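Right, one structure below, let's go through it.
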Amino acid sequence: MNVLVINAGSSSLKYQLYFMSEGRVLAKGKVERIGMDTALLTHEPEGKPDVSEVSEILDHTTAIRRVLDLLVHPQHGVLKTAAEIEAVGHRVVHGGESFRASVRVDEDVKREIRRLFDLAPLHNPAALLGINAVEANMPGVPQVVVFDTAFHQTMPPAAYLYPVPMALYRKHKVRRYGFHGTSHHYVSERAAAFLERPLAALKLVTCHIGNGASCAAVLGGRSIDTSMGMTPLEGLMMGTRSGDLDPAIVPYTMGKEELTLSEVSSMLNKHSGLQAVSGLSSDMREIEGAMDAGDSNAALAFEMYAYRLRKYIGAYAAALNGMDALVFTAGVGENSERLRSAVCRELTFLGVELDEVKNGRGYKGERRISAASSRVEVLVIPTNEEWMIARDTYALVR
Ligand code: ADP
C-alpha cells in the first residue's frame, strides 16, 4: 500500500509518499508560499533528480493537485496513476480532549477539528484545508488524522490541570495538552527496541529539542507529563519562545512598554528564547558558532537553554520516581553534542554518565552515548514523525 503523508500549514504543505511494505519513501517535497503567484514547489523523487518550480498556487487544493501531477509525472514521478495512493495521513496539531489516538476522517471528525480552532487558531484551520484539498482531488480515498496532542492524553489530572479556578477548565478547557506527541511516542518505542527491553517496563525522559522543544516523562509507554502546556509556549526555552516565566510579567510589560496583549503574545512566541538572549539568532548552529568566536551573549543564551532543560529532566526523573533512559531527538537533540554534554554533565547525581567520545561528532543514527558504567542509558534517536503518521494511517485503513 502507498500512503501519502501531509503536513499542511497556512501557507505551506509538506508531503511524503511511503511504500508501506518496505517502509520506503518514494518521494517527498513541499509547497511554500501558497496563496502567491510565486509559490515554490520542491519535489524529491527516489532515484531521480530533484525538481523545483515556481508558479501561481493560490490555495491548498491547487497545491495538492500539483503534487499529485508530479507524483505521476513521466519524468519526475514515482507512480503510474494517482489511484495507486490508497490512503492519506495528516498531521493535526490539536486534538484537544476529543482525540486520544489517530482516527479516520469523517464529517464528525472534521467538525471536531473545526471546534478546536479556538485552541490552535494557526494550525488546525490549515490542517482542515489540507484534508478538504485531498478530498477535492482524491474523492473516496480514506484519510486519517494524527494529532500532536494525542500521546499526552494519558497525563493524569494532577499533571494536566493548572492551579487556577476550575471553571476555566470546565467552561473553556483551559488545561495542559502537550505537543510533539508523535515524536515522543516514536522515540519511546525506538528506545525500547534499541535497548531490547519491553517499553511497558521502562521509565523514560524524552527530549524533543528542535526549533520548538519539549520534554516528556514516559512511564511504561504512556506519557505522564510533558513540558508544553495549553499551547506550545510553556516549558523549555526554545529558539524564539520564552518557555516558562512568571505570568505577572505579561501585565507588567504591557503597562511599562505600552504593548497590547497580542504584541506581548508575539514577543513571547516569536521574539524570545535563544533569539532574544543572544540578540543574534534562534538557530543553535549559529549560537554555537558565535560562542566559538567568543560572543558572551550567545554563551549566556546557550547556558540558560541547557540549564532549563537540565532542570526539566530532574523534575521528570522525580515524576517517574527514577529514570532508565534519557533520550535526545530533533534538530538540536540529534546534532548538538555540546548541548547534550552540557545537560548531562551535572546529572551525575541521577546516575547519568556520558561517554564523551560516543557523544562526539561522526556518529549518526540511533545510538547509545552513555558510558558502560552509567546507571541511566543515554540515547540519541532521530525522530520520524512522518513514518508514525504513515504507520497509523496504514493500520487504520488496511
Ligand atoms: P523544527 O522544530 O523546525 O522541526 P528541527 O528539529 O529541524 O526544527 O531543529 C532545528 C534546530 O536544530 C535549529 O536550531 C538548528 O540550529 C539545530 N541544529 C541542526 N543541526 C545542528 C547541529 N549540527 N548542531 C547544532 N544544532 C543543530
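Cβ atoms are placed via backbone N, Cα and C, with glycine included.
What TrEMBL records for this protein:
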| type | residues | note |
| --- | --- | --- |
| BINDING | Asn7, Glu385 | Mg(2+) binding site |
| BINDING | Lys14, His208, Ile209, Gly210, Asn211, Gly212, Asp283, Met284, Arg285, Gly331, Val332, Gly333, Glu334, Asn335 | ATP binding site |
| BINDING | Arg91 | substrate binding site |
| ACT_SITE | Asp148 | active site, proton donor/acceptor |
| SITE | His180 | site 'Transition state stabilizer' |
| SITE | Arg241 | site 'Transition state stabilizer' |
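Close to Arg91 (substrate binding site), meaning Cα to Cα within 10 A, are the following recorded positions out of Asp148, Ile209, Arg285, Glu334: Asp148. With a cut-off of under 6 Å between the Cβ and any atom of ligand 1, the binding-site residues Asp283, Val332, Glu385 reduce to Asp283, Val332. Spatial neighbours are here defined as Cα atoms within 10 angstroms of one another, and by that definition the neighbours of Asn211 (ATP binding site) among the recorded positions Asn7, Asp148, His180, Arg241, Glu385 are Arg241. If you take the Cα of Asn7 (Mg(2+) binding site) and the Cα of Glu334 (ATP binding site), they are about 22 angstrom apart, rounded to a whole number. Counting every protein chain shown, the Cβ of Asp148 (active site, proton donor/acceptor) has 25 other Cβ atoms within 10 Å. By the criterion of other Cβ atoms within 10 Å of the residue's own Cβ, the least surrounded of the recorded positions Lys14, Arg91, His180, Arg241, Arg285 is Arg285. Proximity of Asp283 (ATP binding site) to non-local residues of its own chain (separation of 6 or more, Cβ distance below 8 Å) is seen for Gly239, Leu274, given in sequence order. A distance of 12 Å separates the Cα atom of Glu385 (Mg(2+) binding site) from that of Lys14 (ATP binding site).
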